[in-house]
Amino acid sequence: MDWVEKYRPQHLQDVVGNSGAVRLIYEWARDWSRQKKPLILYGKPGTGKTSSAYALANDMNWEVVELNASDQRTKAALERVAGAGSTTASLSGASRKLILLDEADNLHGQADRGGAKAIVEIIAAAQQPIILIANDYYSLTRELKAVTEPVQFRALQARSIVPRLRQICAAEGVACDPAALDDIANRAGGDMRAAVNMLYAAAIGKEHLAAGDVHTSAKDERSTIFELVGATFKGKRDADLLRMAVEVEDTPDAIEQWLEGNLDHMPDLASRAEGYACLARADEYIGRTYRRQYYTLWRYASAVMLLGVADAAGGHGVHGRIMPPSRWQKMGASKKQKAVRAGLSRKLSEMTHIPQDALREDFFTAITILVERDPATYVREFDLDADELNLFIHDKARATKVVKEVAKEEKEKAKKAAAKEKAPTKGKKSRDDDPPADTGESRRDPSPGQATLF
């Protein structure tokens with residue numbers, strides 16, 4: 001058993017660092033009610049987010065239902081696992097169920113199709129507490145941020161990591177030099193999980209751990225794109241920037257887009273223009289790389305863009321948040337709109353028995369006019385969500401409001417119907433028990449499952 005799991009905190013009081021965040025999640029759980037928003041615990045890996053969630057569940061005697069990125073997180077899968085868990089009580093005797101969704105910022109791609117939307121719907125109907133875990137809070141969808149409460153976990157200080165490493169050494173019967181523990185804590189970069197793994201790799205099979213044993217178990221210190229962009233605007237040494245460009249997982253064309261998307265951090269317009277000129281020159285090398293399949297040119301592209309932008313910034317640094325490229329956000333929004341439109345066409349085609357092409361070409365304008373006049377009726381008839389309704393009325397705020405109001409009305413109707421069924425009957429014969437009168441007129445009803453547009 002690896003030491004990370006073996007020595008995972010069992011109670012909130014055992015969690016290292018981030019005392020403010022730990023206090024917030026405890027107060028949230030202590031006074032939890034359905035009116036409270038779910039929490040999103042976010043921060044760098046190894047800062048105690050998942051461990052705090054499990055420790056909280058243990059302290060509160062809550063059962064945990066977890067989904068992470070290794071699961072198939074389609075809309076159907078989330079509703080099957082988390083949806084059922086969020087509305088049903090625990091069978092194990094626990095007072096509540098804690099629905100835990102790890103790596104919530106990784107809801108993308110084909111495997112997570114509809115996952116973010118499903119989470120928002122599950123949150124709206126949940127009767128159990130929900131916690132989401134994310135590394136990058138800013139990559140979450142706007143809808144998900146609106147229905148959750150963020151709690152930040154910051155990187156741990158080395159002096160906070162050392163006592164926990166010392167406890168683990170004592171429990172394992174390993175004598176450790178203080179210098180070795182300090183070295184591990186400093187190398188970990190605020191990541192407790194990395195520190196424990198480094199200690200395990202260095203101390204396994206030993207009775208004494210010296211400072212010289214640590215270098216073989218150093219943490220993978222690959223740079224991130226955020227660090228590279230920040231270092232470029234701070235004007236780090238040329239050699240450091242080129243080394244970081246090799247370490248990041250992004251290709252030079254992606255790095256170029258990140259730099260372009262953050263040129264607003266330049267101190268003035270002249271510096272920004274100079275930065276754009278460097279990126280334009282680098283873009284020529286990138287284009288030649290793809291045309292000629294000569295990837296050696298990538299190093300020239302990296303040098304031109306990084307050193308040029310760094311020189312233009314003049315060490316001004318980044319004052320604000322480093323943002324992903326805006327074109328990625330626009331492409332994502334366009335892709336989402338196309339997916340919503342395709343899904344809506346398919347839904348209406350199945351309900352009305354009209355081919356999708358005919359719907360789009362001959363009926364969509366007429367349907368739009370009808371929906372704009374009375375959106376609530378068509379939300380009920382066609383089971384539209386906010387994104388689908390927005391395609392008709394082109395007002396996202398109004399679409400969201402209408403869908404929420406309809407959902408609330410339907411919920412009230414369901415409650416009244418359930419109460420009516422439970423009420424005792426007086427044995428009075430209903431008119432529905434009488435056979436219908438034969439008027440001799442034939443009726444032409446829609447075929448089963450067919451909806452009508454007009």
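Note: Cβ is positioned from N, Cα and C throughout, glycine not excepted.
What Swiss-Prot annotates here:
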{"type": "BINDING", "residues": "Gly43, Lys44, Pro45, Gly46, Thr47, Gly48, Lys49, Thr50", "note": "ATP binding site"}
{"type": "COMPBIAS", "residues": "408-446", "note": "compositional bias 'Basic and acidic residues'"}
{"type": "REGION", "residues": "408-454", "note": "region 'Disordered'"}
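In three-state terms derived from DSSP, Gly46 (ATP binding site) belongs to neither a helical nor a strand segment and is classed as coil.
With all protein chains in the displayed structure included, the most crowded Cβ environment within 10 Å among the binding-site residues Thr47, Thr50 is that of Thr47.
Among the listed binding-site residues, namely Lys44, Lys49, the Cβ with the most fellow Cβ atoms inside 10 Å is that of Lys49. In sequence order, Asn135, Phe153, Asp191, Met192, Arg193 are the same-chain residues whose CB sits within 8 A of the CB centroid of Gly43, Lys44, Pro45, Gly46, Thr47, Gly48, Lys49, Thr50, the residues recorded for ATP being left out. Listed in sequence order, the residues of the same chain lying 6 or more apart from Gly46 (ATP binding site) and placing their CB within less than 8 Å of its CB are Leu156, Ala188, Gly190, Asp191, Met192, Arg193, Ala194, Ala195. When other Cβ atoms within 10 Å of the Cβ of Pro45 (ATP binding site) are tallied across all protein chains shown, the result is 15.
Each of the binding-site residues Gly43, Gly48 was scored by the other Cβ atoms within 10 Å of its Cβ; the lowest score goes to Gly43.
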